[in-house]
Amino acid sequence: MTGPHPAVAATRHAVRSHLADCAPGALVLVACSGGADSLALAAAAAFESRKFPVWIGAVIVDHGLQEGSDLVCREAAEQCRRLGLDPVVTRRVRVSASGGGGPEARARESRYEVFEEVMAECGASSTWLGHTRDDQAEQVLLGLVRGSGTRTLSGIPRRRPPYERPLLDLPRRDTVEACRAQGLTPWADPSNEDQTFLRNRVRRLLRSATEELGPGLPAALARTAALAREDADALDLFTAQARRAMGPWPWPVSAVAGHPTAVRGRLWRSLAAEEGCPEVGSRHVLAVDALVVGWRGQGPVALPGGRWFGRRDGLVGFTDRSGREWAVGGDREGSPDDGPVSSASAAPAEGLDGPATEEK
């Protein structure tokens, strides 16, 4: 008896461990754009779920950014229904024309808001996303282009509840071939060829480099992501231990200076997040770190959210704008959100990089 096409078998094998981890009676939603990756995931999940006490549904988001997007979503929903997914929920969102991060980031934010809403409405335990090994390779390369550190280079996580990516170890060609073998009709998003987007330029660069260096390049970059994640997780653990030991601020300069640069950078980010400073960038972290390792008598550092961080009497912590008094009760004194930093400003350093991005 002939078995399934190798690509179909690969996608089905990839979802089994994720289904096995689901609680009996759980509902899992597949985020389906109509593209090959998410359609192949939907098909594999629907087939394998027959062996588990798990329900598989779909959530489809129409961003309304392209003409005919409603038809694309309608076709994706119909294919999901034919595969046996239930429920199949389609939502249209309005992507803001302004805001930070560009249209891709704003579309991603809107999409994840829908995922959260639909999971709550349906009682779903998780949402599965169709990222592949090629997406992981692109994410690592994107981080290298941006000069990022280990957390960003660790790429896309396989699991970050309530989101899972069962196909993360498979090449994109498997999802394309799996769709073809099962008679599915994936949608090719024309925006993926728009070279105004950095990610698309990185994708083109990866294709070119793969042709030049060999087909093993995406897998090698994915291995780099796995190694970087192990290192980043270890550094995060060391940082959490250091944070508990440091206690409330202000902190003695001598105690902070004893930690490696990578841990100090994470300490500053952790402390800033605790104090409600939004989107602290590398230049802010480097300027704060210079209060400890590059002290020349500079004044306090302006942080986003109207906070100031300074050094006095051998201690560092949040201060008033003058730097002469410690801040009390989350005092804010009108620093600009993207405010100036002290003279200690430099390019991002390893361990001081910003948060990772995960979406294509």
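FYI, residue positions are counted from 1 along the chain as it appears here.
Placement of Cβ uses the backbone N, Cα and C atoms for every residue, glycine included.
Here is what TrEMBL records for this protein:
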- S33, G34, G35, A36, D37, S38: ATP binding site (BINDING)
- 28-204: domain 'tRNA(Ile)-lysidine/2-thiocytidine synthase N-terminal' (DOMAIN)
- 320-360: region 'Disordered' (REGION)
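In this structure, S33 is the one among the binding-site residues S33, S38 with the smallest number of other Cβ atoms inside 10 Å of its Cβ.
Secondary structure at G35 (ATP binding site), taken from DSSP and collapsed to helix, strand or coil, is coil. Taking a C-beta cut-off of under 8 Å and a sequence gap of six or more, D37 (ATP binding site) has these contacts in its own chain: G130, H131, T132, D135, L167, R172, T175. Considering only the binding-site residues G34, G35, the Cβ with the fewest other Cβ atoms within 10 Å is that of G35. A C-beta separation below 8 Å, combined with a sequence spacing of at least six in one chain, links A36 (ATP binding site) to R172, T175, V176, A178, C179, P186.
Those residues of the chain, other than S33, G34, G35, A36, D37, S38, with a C-beta within 8 angstroms of the mean position of the ATP site C-beta atoms are C32, L39, A40, A76, G130, T175, P186, W187.
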